[in-house]
């Protein structure tokens with residue numbers, strides 16, 4: 001992806017320069033690629049003193065926002081067998097992950113502020129639809145984050161059975177959520193370092209397992225489609241692939257905290273894409289090729305059992321520990337993205353300005369509290385229910401993003417794009433067709449219960465925005481647009 005970078009386009013002759021319409025003051029987010037932080041800081045901590053995220057931490061933050069490793073992909077084998085699981089993790093990135101990552105690189109470098117995709121949609125379709133984008137993306141992110149305490153405990157319960165149900169499980173979810181929320185509160189730079197350390201620890205056991213499995217591999221096992229009498233469970237298969245290979249755009253809500261985003265963001269997305277795809281393909285090849293297939297065993301936590309068979313008890317325990325730490329990393333990355341998105345929306349006047357307040361560690365503490373509360377409320381749902389509901393809401397937001405991408409290409413063809421996908425308007429339309437078709441397929445396989453719940457959530461957003469406008473009009477809560485941000489409206 002880095003090879004696709006293009007020089008900035010000179011848009012001085014075009015009337016609506018997207019970066020700014022009013023004469024730009026010195027503060028940061030006006031010009032694409034400026035590396036200083038948000039000017040709204042306390043006197044004791046000036047903008048230049050704020051540490052920004054560099055390439056390596058950003059790679060692992062993206063890795064955890066999208067993946068976190070092969071934990072949770074087991075259902076793809078259970079649903080469809082080894083062959084379709086392997087093919088899915090090879091082909092699916094070309095249909096979905098690469099287009100989404102490219103769009104994120106282009107749009108994220110155009111608008112290096114924490115509103116991310118909310119800002120993109122607002123410029124293309126207006127503030128009402130910008131708010132809807134923010135609502136469904138935040139809600140799907142919180143739903144997604146509710147999975148990680150569940151997965152964390154699922155991997156530990158084989159070694160600590162008491163965590164399997166009842167009060168101990170509920171208490172463990174609460175303690176874990178509070179502890180990780182506090183780490184988010186302490187600062188994004190700390191979260192970035194933690195993501196790197198956790199990522200290395202989570203990936204290493206699968207590297208070891210892959211090498212140890214070589215003498216036991218039987219390639220013929222990879223060609224099995226499904227041994228189940230009912231055939232392929234397409235709904236579970238597609239939702240598992242989609243959940244494990246989406247959310248590339250989540251990093252856009254952190255671009256205001258990134259050092260030199262015009263260069264750092266595309267590079268980080270490229271490296272993270274490779275890391276994610278390889279972290280799926282090799283464990284699936286290892287697990288299905290080295291051990292006789294029993295599809296019903298391929299559920300959450302099965303990689304630990306595979307590790308015990310291939311390398312011994314020590315490797316199984318290492319994978320269990322890696323799964324636990326991986327879920328911690330995913331929680332941290334997702335909550336960072338969700339909370340900074342709320343901050344970005346507040347800076348744009350879409351939410352009460354209290355959401356724009358930062359702690360002394362420069363973190364959006366109100367957004368963190370809201371996101372953590374949502375995680376606790378939703379954590380009682382089952383894994384598959386959460387995945388299906390989150391996927392459907394995310395699909396709605398992605399449709400808005402694809403429309404926005406094409407519309408901005410048409411509306412502002414000469415605008416400054418520090419990273420530009422080398423296609424024209426027609427190419428941008430064609431690039432969005434395969435993932436849009438995939439969205440339709442996923443929706444078609446969604447059961448009625450999940451569809452109704454997701455539709456209700458969308459309707460809440462449609463009503464919530466006018467209600468907030470009325471609250472602003474009545475003066476019950478204060479809304480304001482940060483002065484350092486560019487004017488998006490013509």
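Here the Cβ of each residue, glycine as well, is placed from N, Cα and C on the backbone.
As the structure is a computational prediction, the values presented were derived from the model and not from experiment.
Feature annotations, reproduced from Swiss-Prot:
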type: REGION; residues: 1-38; note: region 'Disordered'
type: COMPBIAS; residues: 1-21; note: compositional bias 'Polar residues'
type: TRANSMEM; residues: 53-73; note: transmembrane segment
type: TRANSMEM; residues: 83-103; note: transmembrane segment
type: TRANSMEM; residues: 116-136; note: transmembrane segment
type: TRANSMEM; residues: 160-180; note: transmembrane segment
type: TRANSMEM; residues: 188-208; note: transmembrane segment
type: TRANSMEM; residues: 231-248; note: transmembrane segment
type: TRANSMEM; residues: 273-293; note: transmembrane segment
type: TRANSMEM; residues: 303-323; note: transmembrane segment
type: TRANSMEM; residues: 363-383; note: transmembrane segment
type: TRANSMEM; residues: 386-406; note: transmembrane segment
type: TRANSMEM; residues: 425-445; note: transmembrane segment
type: TRANSMEM; residues: 448-468; note: transmembrane segment
Query raised in the report: Against which stretches of its own chain does the transmembrane segment (273-293) lie, if we need a Cβ under 8 Å and a gap of at least six residues from its ends?
Result: 1, 59, 63, 66-67, 69-70, 73, 76-77, 81-82, 85-86, 89-90, 93, 97-98, 101, 203, 206, 209-210, 213, 216-219, 221-222, 224, 227, 244-245, 248, 302-303, 306, 309-310
Report summary line: Same-chain residues at least 6 beyond the ends of the transmembrane segment (448-468) with CB under 8 Å of its CB atoms are 128, 131-132, 135-136, 139, 350-352, 385, 388-389, 392-393, 396, 479
Query - Distant-in-sequence neighbours of the transmembrane segment (425-445), which means Cβ under 8 A and at least six residues beyond its ends - result: 95-96, 99-100, 102, 234-235, 238-239, 242, 391-392, 395, 398-399, 402, 405-406, 409-410, 413, 451
Report summary line: Listed stretches 83-103, 116-136, 160-180, 188-208 vs the transmembrane segment (386-406), most Cβ pairs under 8 Å: range 116-136
Query - Non-local residues, at least 6 beyond the ends, that sit with Cβ under 8 Å of the transmembrane segment (83-103) - result: 1, 4, 66, 73, 76-77, 222-226, 232, 237, 241-242, 245-246, 248-249, 269-270, 273, 276-277, 280-281, 284-285, 288, 398, 401-402, 405, 421, 431-432, 434-435, 438
Requested in this report: Considering only the recorded stretches 53-73, 160-180, 188-208, 231-248, state which has the highest number of Cβ pairs under 8 Å to the transmembrane segment (363-383).
Outcome: 160-180
Query raised in the report: Any residues 6+ beyond the ends of the transmembrane segment (231-248) with a Cβ under 8 Å from its own?
Result: 62, 65-67, 72-73, 75-76, 78-81, 84-85, 88-89, 92-93, 96-97, 100-101, 104, 141, 144, 225, 269, 273, 276, 280, 384, 387-388, 390-391, 394, 398, 438, 441-442, 445-447
**Report entry** Beyond the flanks of the transmembrane segment (303-323) by at least 6 residues, Cβ under 8 Å
**Finding:** 69-71, 74, 151-152, 155-156, 158-159, 201-206, 208-209, 212-213, 216, 283, 286-287, 290-291, 297
Query - Chain residues outside the transmembrane segment (116-136) and at least six past its termini with a C-beta under 8 angstroms from it - result: 18, 107-108, 110, 249-255, 341, 344-345, 348, 350, 393-394, 396-397, 400-401, 403-405, 407-408, 411, 457-458, 460-462, 464-465, 468, 488
